[in-house]
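Novice: Let me begin by handing over the structure; questions about it come next.
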């Protein structure tokens with residue numbers, strides 16, 4: 001079965017729990033006994049999902065039902081690995097890091113770090129085995145905790161045949177369609193930026209109105225930067241003096257800042 005669907009089921013559950021918790025936390029003061037409040041809320045969400053969703057002989061969460069994935073285990077086992085285990089780990093972490101830093105506490109802290117490192121190593125190994133699992137009889141475990149409790153995920157079966165969640169399929173196709181539109185839009189923007197929106201292509205259609213300064217002013221003031229012309233060049237259309245850098249820009253854009261002329265401009269050094 002699709003490995004992406006199994007991973008998406010976990011991501012959907014985390015997003016659901018996080019959304020409910022953020023709304024609950026904004027409405028009520030949960031500064032005291034925060035972990036217990038979160039456990040109670042996640043338990044209610046889990047019970048509602050497992051009670052009212054169709055199971056077809058298996059256990060499933062809200063996210064797994066949307067992605068067409070079920071778990072071959074009992075509901076209480078699925079509750080332990082999806083909800084209760086996270087609460088227990090948070091409480092252990094809270095006790096170890098917030099306890100008094102005595103001799104026993106430092107020993108527990110070292111043990112915690114070693115257990116955490118060992119779990120992450122097992123998690124990497126389990127993920128590689130999860131990706132390599134093939135065949136209809138292969139068991140896929142989403143984490144070492146799932147493997148320890150023998151909670152493996154399979155495809156949702158109805159009437160003897162595997163079915164795909166319509167919501168999940170539509171979500172995947174909608175995501176692909178959105179990415180295709182983004183690629184097309186980026187290609188159009190790149191086309192415009194390389195053709196119509198270039199300085200030469202755009203400024204040929206835009207003519208600046210003539211400046212009100214007199215010709216004598218442009219002999220001592222660069223019409224582009226407003227400073228004294230450094231290494232001056234005189235443009236042929238109105239004989240205004242430009243700085244060298246400014247006249248290069250004016251010739252590149254084919255637009256005179258002094259008189260608004262456009263087209264094939266030329267300039268020559270004053271001295």
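Each Cβ is built from the backbone N, Cα and C atoms, and glycine gets one as well.
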Novice: With Swiss-Prot as the source, do residue 75 and residue 150 lie on the same side of the membrane?
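Specialist: Yes, same side.
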Novice: Using Swiss-Prot as the reference, determine which range in 34-60, 142-168 is annotated transmembrane segment.
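Specialist: From Swiss-Prot, the annotated transmembrane segment range turns out to be 34-60.
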Novice: Beyond 237, 238, 256, 259, what residues of that chain have CB atoms within 8 A of the centre of the Zn(2+) 2 site's CB atoms?
Specialist: 235, 239, 240, 258, 260, 261, 265
Novice: Of the binding-site residues 222, 225, 246, which one sits closest to residue 238 (Zn(2+) 2 binding site) when you measure Cα to Cα?
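Specialist: Out of the listed candidates, the nearest Cα belongs to 222.
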Novice: Summarise the model's confidence over the topological domain 'Peroxisomal matrix' (134-175) as a mean pLDDT value.
Specialist: 70
Novice: For residue 225 (Zn(2+) 1 binding site), identify the closest of the binding-site residues 237, 256, 259, judging by Cα separation.
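Specialist: Out of the listed candidates, the nearest Cα belongs to 256.
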